[in-house]
Amino acid sequence: MVESNVTCWQGFVFLGFSSFGELQLLLFVLFLSLYLVTITSNVFIIIVIRLDSHLHTPMYLFLSFLSFSETCYTLGIIPRMLSGLVMGGQAISFMGCATQMFFSASWACTNCFLLSVMGFDRYVAICAPLHYASRMNPTVCAQLVGTSFLSGYLFGLGMTLVIFRLSFCSSHEIQHFFCDTPPVLSLTCGDTRLSELGILILSLLVLLVSFFLISVSYAYILVAILRIPSAEGRRKAFSTCASHLTVVVIHYGCASFMYLRPKASYSLERDQLIAVTYTVATPLLNPIVYSLRNRAVQTALRNAFRGSLLGKR
């Protein structure tokens, strides 16, 4: 089936934001600024957690891997989008499109699994604090991180194979800025119901199962917090979860809207604008939320900044 695809044409063309006309230059400046801030802040979070011994805990280990995953996700999408805003419609080969879809889907799925792991970490920390060190030991943490990345790659591979086993007989112009599932699926012809069902099942497994695990963790956390006698104790316990909850709500809200719906409800122009949210804004959200709401990260960032200033002197 793949061979028939390649014989139709050798690739696709991104239309991106070509319909925005002169506004593309403004969008380029805006997205470039957000991209640079995203990369810089995520890399800075990773470095600070690595260098500050006070942050050598499972919670911040998982946060550093989430920042790493978000960084890789944006690296595979945003540079080509920025190039398209300056140079217009860009061609991408058939294999190039499949590769981009594989990595973008893999990193997106990995983010979901890492968020689930972070929810489990908060559950153990609040509901079983006396056993936290033994249950979240380095071996367990490494296994959780490794499983998250391996599962992400497997689901990303599955989604890519489901799409690229189809025949592409429509226009080769992708009304999008990267090879995402909905716009590429819209270019296929023939009976796509089986592939749509496959994508829906894979999306359900990733989004709903991981979100269910997070929900169960927070159900136990809520019960544990309500049992704390003092209001100050309840506030302090909940504050350790606030940053994670904020990221979860926005991440799963955007992803569920994009992938848990039938092909008939796709609106490519609207979906392209929504895709900007989870490819540009959401990766930036992670370091902003954790740096603004987490005192330990704030303290580490201040110490790192002061150290750099002293080093210059």
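Cβ from N, Cα, C; glycine included.
No curator has checked TrEMBL annotations; they are predicted automatically.
Here is what TrEMBL records for this protein:
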- 41-290: domain 'G-protein coupled receptors family 1 profile' (DOMAIN)
- 25-48: transmembrane segment (TRANSMEM)
- 60-82: transmembrane segment (TRANSMEM)
- 102-120: transmembrane segment (TRANSMEM)
- 140-164: transmembrane segment (TRANSMEM)
- 197-225: transmembrane segment (TRANSMEM)
- 237-260: transmembrane segment (TRANSMEM)
- 272-292: transmembrane segment (TRANSMEM)
Open item on the list: Contact between the transmembrane segment (140-164) and the transmembrane segment (237-260) is defined here as three or more C-beta pairs under 8 Å separated by at least 6 residues; is that satisfied?
Closed with: no
Open item on the list: For the domain 'G-protein coupled receptors family 1 profile' (41-290), what's the mean pLDDT in this predicted model?
Closed with: 85
